[in-house]
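Annotated features in Swiss-Prot:
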type	residues	note
TRANSIT	1-80	transit peptide
DOMAIN	88-165	domain 'Cytochrome b5 heme-binding'
BINDING	123, 146, 177, 219, 223, 376	heme b binding site
DOMAIN	197-563	domain 'FMN hydroxy acid dehydrogenase'
BINDING	223, 334, 453, 456	pyruvate binding site
BINDING	275-278, 308, 332, 360, 429, 489-493, 512-513	FMN binding site
ACT_SITE	453	active site, proton acceptor
């Protein structure tokens, strides 16, 4: 069993403490991984991930990543290589370096020179990420999170100036960059990545979370793990499940247990799905969401995957990566202020074969995700000091940079209009009150997801499981229960959490962060392992509960008497508390 060492509160000014902590972490993982040999395929995947890890050291890409989905939206081609004329006259590094101003901005990407001057105002991630790197080789910023063929979509042929002659001098090459970390921090994490325990030793979803917390860059960890403000809702999403208890039946023949069910017209192996999460390449630089697709479809148990609008990979890449044509993939949609872009995107993913649209409605403005904001957007070696001379919002963090294009004027009327434009089932994602579930049923959408964005939006929103317990009896009273399917996500870490939601009437249960962490550490094999863990926990708990099918899960199997008693202490979840890292206070600058 992994020992969750309290390693995170290390004095930054004490080199000896850092060395001791590093040694402790390494010894912990060495001991943990010593009992079971790694499989050949795992070792190969591990080497690939380790080799690629340095490609992730990018701070400025987080401001550029709002363009990831935006630029991938129109990627109708599977061929991801940009169309370049290599016969054009070569351009010297000295010439590139002259064009280093906002009104005269050239950059180098993968050995080719581009004039981005006219593109600057239209860059969804803001001008500054390009402007501060004008006259430089920006490959390390561009490549990890952009499909190469986005260049063809947004850069006119005449702005593709020609191949670079030789290479840019080191001082004009944007370095891999990890805000808030020293070279020693990065080296230690790379070493830890090479010492990950074999998957056979991973026995619960918290193991993935712990390993990710120790190996991800600070910026990636902050983006993945952060919640809004004081993170009360982030914690409450999970803690609410601990205020629900079971009332198991006995003397039931449970030799055969069937956990398959139906969701949105498709038969599925399990009652849970991988919820949409942005920027998987922050944790898995080589494959990103493509490995999630593979992990969801390569094993015995197939799991629906919800593809994010803000994915690091294009919809084409993710769908093509699915091991089987029968694999179920849904699409999570942020509605763009430019509705034509949204309309084109919907047509595209429908043509690609997704089975449903999940329209996110809880993000008219991005929440105050302070852990993310602490690692301020920085584009140059000079960092924030240089940026203070501009009007860039230094403290926006990755989340704020990502939110630029989302339409804050979205209304119920827009949902009804969207229904007319697609044959796909439409599910409203981010519903947080019973009255809105009733409204959704009345306008005829196919489903809702009770969700507060993983506690990343309005702090002190209620836990989705609590909203579910309140909502389902009212839907039944109004004869609306069969009008739409109700899903729930947020805070789920155990098979018992899934069963509690199903007992209360949920059609399916979504998990996001656990699969992010599994993918970050082990790629597709980690995703498959996380699925196996959750599946086994559900099957075991159903036997202990005295039921053999999803249809037998009813509210009478639960004790809800303390669900709303938020002032009553919940059972101490030791593993959750060990891996949870809350917001921090601002520190003094180094002298």
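Cβ coordinates come from backbone N, Cα and C, glycine included.
Spacing of residue 308 (FMN binding site) relative to residue 453 (pyruvate binding site) is 13 Å (Cα to Cα, whole number). Averaged over the domain 'Cytochrome b5 heme-binding' (88-165), the predicted model has a pLDDT of 85.
Each of the binding-site residues 219, 275, 277, 308 was scored by other CB atoms within 10 A of its CB, and the lowest score goes to 277. Recorded residues residue 491 (FMN binding site) and residue 219 (heme b binding site) have their alpha carbons 22 Å apart, per Cα-Cα distance.
Closest to residue 275 (FMN binding site) by Cα-Cα distance, out of the binding-site residues 123, 219, 223, 334, 453, is 453. Of the recorded residues, residue 334 (pyruvate binding site) and residue 123 (heme b binding site) place their C-alpha atoms 18 Å from one another.
Here pyruvate is bound by 223, 334, 453, 456 per the record. The longest Cα to Cα distance in that group is 18 Å. Annotation note: residue 223 (heme b binding site) sits in a helical segment as assigned by DSSP.
Every protein chain considered, the tally of other Cβ atoms within 10 Å of the Cβ of residue 489 (FMN binding site) stands at 28.
Long-range neighbours of residue 513 (FMN binding site) (same chain, six or more residues apart, CB within less than 8 Å of its CB): 209, 224, 225, 277, 454. For residue 489 (FMN binding site), the binding-site residues whose C-alpha atoms fall inside a 10 Å radius of its own C-alpha are 453, out of 123, 219, 223, 453. Closest in space to residue 456 (pyruvate binding site), of the binding-site residues given as 123, 219, 223, 360, is 223, taking the CA atom of each residue.
Helix, strand and coil counts under DSSP for the domain 'Cytochrome b5 heme-binding' (88-165) come to 28 helix, 20 strand, 30 coil.
Ranked by CA distance from residue 223 (heme b binding site), the binding-site residues 360, 453, 493 have 453 at the top as the closest.
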